[in-house]
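Heads up, the thing below is written out as C-alpha cells.
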Amino acid sequence: MASPKKKLQGLVAATITPMTEHGEINFSVIGQYVDYLVEVQGVKNIFVNGTTGEGLSLSISERCQVAEEWVTKGRNKLDQIVIHVGALSLKESQELAQHAAKIGADGIAVIAPFFLKPWNKDNLINFLKEVAAAAPALPFYYYHIPALTGVKIRAEELLDGIQDKIPTFQGLKFSDTDLLDFGQCVDQNHQRQFAFLFGVDEQLLSALVMGATGAVGSTYNYLGRKTNQMLEAFERKDFSSALNHQFCIQRFINFVVKLGFGVSQTKAIMTLVSGIPMGPPRLPLQKASREFTDNAKAKLKSLDVLSFTDLKDGNLEAC
C-alpha cells in the first residue's frame, strides 16, 4: 500500500461487506473482491465499513475483522485503504482507530455521532479530535453525510481552522448534494493539500468542475471502469465526452433510484455484475427483490456502462 502521506485521489470504492445467507460475514470472497476491483474496474483505493459496508450494523469485533481482512488481502495490490471508524460511542471509535493503525491502514474516517448529536462546530470537532488522537500517525478524514446523521453543521464551517485542532486532518468525504457548501470547502482551502472526495456518484462531474480531487462511492464497485473513463476525459479537457459518460451513469442510477435503491440493491447489483456473491444485507434491511434484480440487469444491458464484465448469461461487452 502507498505511504499514508500520499494524497488520496481518484476513485475510492465504498466496499460492500459480503455476507452468507444467514447474515454472517463471508470473509472468503474478499481476496477475489480485491482482484476484481483492481483488474476489472481499475479501482485501487477503498473505503471500508462505511454506509455501503453496513459498518454500523456490525459489531466492533466484526468491524475489526473486516478491516483486517481488507488490509491483508489488499497488501501490494491496493494503493490506499481508509477504514471508517465512526460510532455512537467515543470509546468505540477510539478502539477502532487504534486497531486501524495497528493493522496498517492508510487512513481513518469518522461520521458525526447521530443519536446524541453535536449541535455546533466546537462540539463536533472535540469529538473528532479525540478519535484522531487515538491514531496519531494516520491521516484523518471527516465523513460528511448529513442526510443520514441529521447533523447539519456545514462542512465549510467545520473546515475553518480544523488543522489547528486536528493536525492529522487530511480531507473530507462529502456525501451531500449541497454543491455550494462543497464549493466553498474547496475555495476556502485551496492552499491546503486536502483531499476533497465527493460522495454523490451521479453528481461527480459537477464536483470535479468545483475542484474535487477524488470520489468515494458504491457504484465504483461495478461502474468503476466507466467512471474512470469520465475522469480521464475530464483530465484531458474533453468535456463533451466526460458529460456523455456522466449522463450514461446517471441513466442507470436514475432508473434504480425509482425502483428503490440502497445498500440491499447495491449488493444485488454487485453480485450480478461481478459474479462474486455479496449475500443479503443484515437486518433491519431486507434482501433486494428478484424483480429489482431482473430490472437492473435489463437496464445494464441497455446502456453503454459495462466493459469486460460478466453477467450471469455470459460476457457482455459495451452494449
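Placement of Cβ uses the backbone N, Cα and C atoms for every residue, glycine included.
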Legend entry - Residue among S89, S93, S175, S264 sharing the aceneuramate site, where Swiss-Prot lists T51, T52, G199, D201, E202, S218 as binders: S175
Inset, instruction - Could you state the whole-number distance in Å separating the C-alpha atoms of T51 (aceneuramate binding site) and Y143 (active site, proton donor)? - result: 10
Legend entry - Alpha-carbon spacing, K173 (active site, schiff-base intermediate with substrate) to E202 (aceneuramate binding site), which is rounded to whole Å: 15
Legend entry - D201 (aceneuramate binding site) - helix vs strand vs coil (DSSP): helix
Legend entry - Most Cβ neighbours inside 10 Å, all chains, among the binding-site residues D201, E202: D201
